[in-house]
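Peer 1: Below, the features straight out of TrEMBL:
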type	residues	note
ACT_SITE	A:K78	active site, charge relay system
ACT_SITE	A:S158	active site, charge relay system
ACT_SITE	A:S182	active site, acyl-ester intermediate
DOMAIN	A:28-471	domain 'Amidase'
Amino acid sequence: MTELCDLTFAEARKALAAKEFSAVELNKAYLEAMEAARGLNAYVLETPEIALERAAESDARIARGEAGALEGLPLGVKDLYCTEGVRTTACSKILGDFTPPYESHVTSLMRSAGAVMLGKLNNDEFAMGSSNETSAFGTPVNPWRRKGSDAKLVAGGSSGGSSAAVAARICLGATATDTGGSIRQPAAFTGTVGVKPTYGRCSRWGIVAFASSLDQAGPIARDVRDAAILMGSMAGYDKRDSTSVDTPVPDYEAAVGRSVKGLRIGVPKEYRVDGMPAEIEKLWSQGAEQLKAAGAEIVEVSLPHTKYALPAYYIVAPAEASSNLARYDGVRYGARVAGRDITEMYENTRAAGFGSEVRRRIMIGAYVLSAGYYDAYYVRAQKVRTLIKQDFETVFAAGVDAILTPATPSAAFGVGEMANASPVEMYLNDVFTVTVNMAGLPGVSVPAGLSAEGLPLALQLIGRPFDEETLFATAAVIEDANGRFTADRWW
Amino acid sequence: MSVDENTVRRVARLARIAVADDEVSKLKGELDAILAFVEELSELDVEGVPPMTSVIPATARLRDDVVNDGEDAEKVLMNAPAREADFYVVPKVVE
């Protein structure tokens with residue numbers, strides 16, 4: 001049944017409508033593929049009973065002519081999304097066997113559209129990481145390997161379970177979240193398409209919070225069209241998220257294939273960082289040529305505060321994390337470790353429950369928010385954030401429609417390869433993606449070629465606020481020009 | 001900016017995370033490296049720049065002042081590590 005898993009959702013949708021196979025058959029094929037791919041450690045929890053039950057409901061709706069936009073879609077859900085009655089841990093020990101009695105807004109929209117949940121996907125603990133190596137469930141393995149090597153590579157992070165599962169064809173699409181690059185970087189490492197929507201486009205309600213002013217939900221999918229289809233059912237207003245935006249959700253799929261003729265695409269000179277590998281440089285100029293060939297105009301632009309985005313992020317994100325993660329106190333949910341008094345109980349619970357990266361970020365956050373340092377660190381970082389946003393506003397005001405950059409500074413690296421690197425070296429993975437979160441903009445990561453070692457490389461397109469459509473149109477041009485990239489099955 | 005070991009202990013206390021004595025010096029090194037990295041921001045002139053409060057234009061929305069959720073103690077308490085009846089159980093807080 002592996003052929004069923006090779007279809008995109010757009011293809012499967014057509015076949016489902018034509019009754020060539022049923023939603024139950026499609027989802028069964030995925031459940032089998034998941035079982036065969038357990039060595040990849042992409043899923044932290046499989047939910048086959050739920051999948052088959054919902055797939056049968058999908059078949060009933062298809063038979064009645066009531067198919068939704070995601071009817072029958074075999075979906076993987078990042079373990080950061082609360083799922084009603086299904087264990088949700090953010091891949092942290094501190095949440096233990098937490099079972100939410102509610103469903104996140106985004107997954108409930110997807111379920112209403114007919115999506116079928118296959119299980120919960122691995123991620124970095126509380127989404128803090130760029131390689132998914134901080135997960136309490138261990139590291140998911142990238143389906144891609146270097147030419148002539150069987151060394152295990154990371155699938156990126158924090159949504160490494162989502163990217164690995166989509167690339168390994170053990171789900172047809174996945175939910176993910178992006179705080180500094182956690183959708184786009186793992187998508188880039190696995191030859192998949194990842195979309196980080198405009199801040200406010202998707203509700204954060206029911207998604208475990210990391211840094212609330214930066215967090216945004218989005219899809220990882222097989223190709224641009226599938227990503228657009230998924231986005232259409234993930235976006236939408238939710239009164240329970242005070243930052244959710246009440247504007248109509250456009251027909252994203254209609255933007256795929258739309259002409260890019262006459263669009264102005266900015267290429268920011270500040271992204272030409274020191275030591276950028278020649279193959280990334282080449283990929284980038286090739287992408288610009290491809291957009292030009294499709295009728296777009298390429299212009300050099302300047303985003304002068306780019307280099308300050310990452311240091312500012314490593315103040316703002318830990319500060320918000322230290323505040324958000326204060327709720328894990330061993331009282332209301334999760335594991336508890338006893339102490340002589342309540343403070344010691346909190347301290348022991350949090351020391352045992354949080355992994356080292358999470359502890360480090362909470363402590364940095366507590367430090368930059370503490371009396372005497374708040375203005376020097378936190379307020380200064382928020383001012384820098386204003387400057388970063390103004391850089392983009394200036395470029396867009398000059399008539400630029402989208403900005404083209406590399407998605408990551410390198411291809412996927414080996415599991416454990418960065419073990420002796422400093423935290424800061426790991427943070428550099430997000431150098432091209434983090435500006436987008438700081439400014440609240442939409443960004444898409446689209447595969448554009450293979451490295452000399454045979455690993456996927458990707459480009460990023462950054463759009464105006466709420467103009468995801470232009471991103472789908474431009475990303476489709478890059479995709480059409482370079483073709484799709486599929487990992488050979490070895491697992 | 002670098003931190004001393006007492007600062008590491010103070011921050012750990014603020015964060016309510018127990019830190020063993022043999023972890024302090026390693027943490028000090030890691031926090032120093034991160035603080036050195038973010039130090040780059042001090043070279044920027046941010047005089048007169050308003051700090052970011054929201055990346056999208058946002059106005060506070062009002063809703064009707066009515067109860068729209070609640071009365072469901074079982075759901076609230078179902079994940080508690082320790083409970084008695086409809087209460088969370090914690091170590092004694094008030095002498």
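Even glycines carry a Cβ here, placed using N, Cα and C.
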Peer 1: To which of the active-site residues A:S158, A:S182 does the lowest count of other Cβ atoms within 10 Å belong?
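Peer 2: The active-site residues A:S158, A:S182 were compared, and A:S158 has the fewest Cβ atoms within 10 Å.
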Peer 1: Specify the count of other C-beta atoms within 10 Å of the C-beta of A:K78 (active site, charge relay system).
Peer 2: 32
Peer 1: Calculate the distance in Å between the alpha carbons (Cα) of A:S158 (active site, charge relay system) and A:S182 (active site, acyl-ester intermediate), and round it to a whole number.
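Peer 2: A:S158 (active site, charge relay system) to A:S182 (active site, acyl-ester intermediate), Cα-Cα distance: 5 Å.
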Peer 1: In the predicted model, what is the mean pLDDT computed over the domain 'Amidase' (A:28-471)?
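Peer 2: That stretch averages a pLDDT of 97.
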Peer 1: Hey, does DSSP put A:S158 (active site, charge relay system) in a helix, a strand, or just coil?
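Peer 2: It is coil.
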Peer 1: Could you give the Cα-Cα distance between A:K78 (active site, charge relay system) and A:S182 (active site, acyl-ester intermediate), in whole Å?
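Peer 2: With distance taken Cα to Cα, A:S182 (active site, acyl-ester intermediate) is 11 Å from A:K78 (active site, charge relay system).
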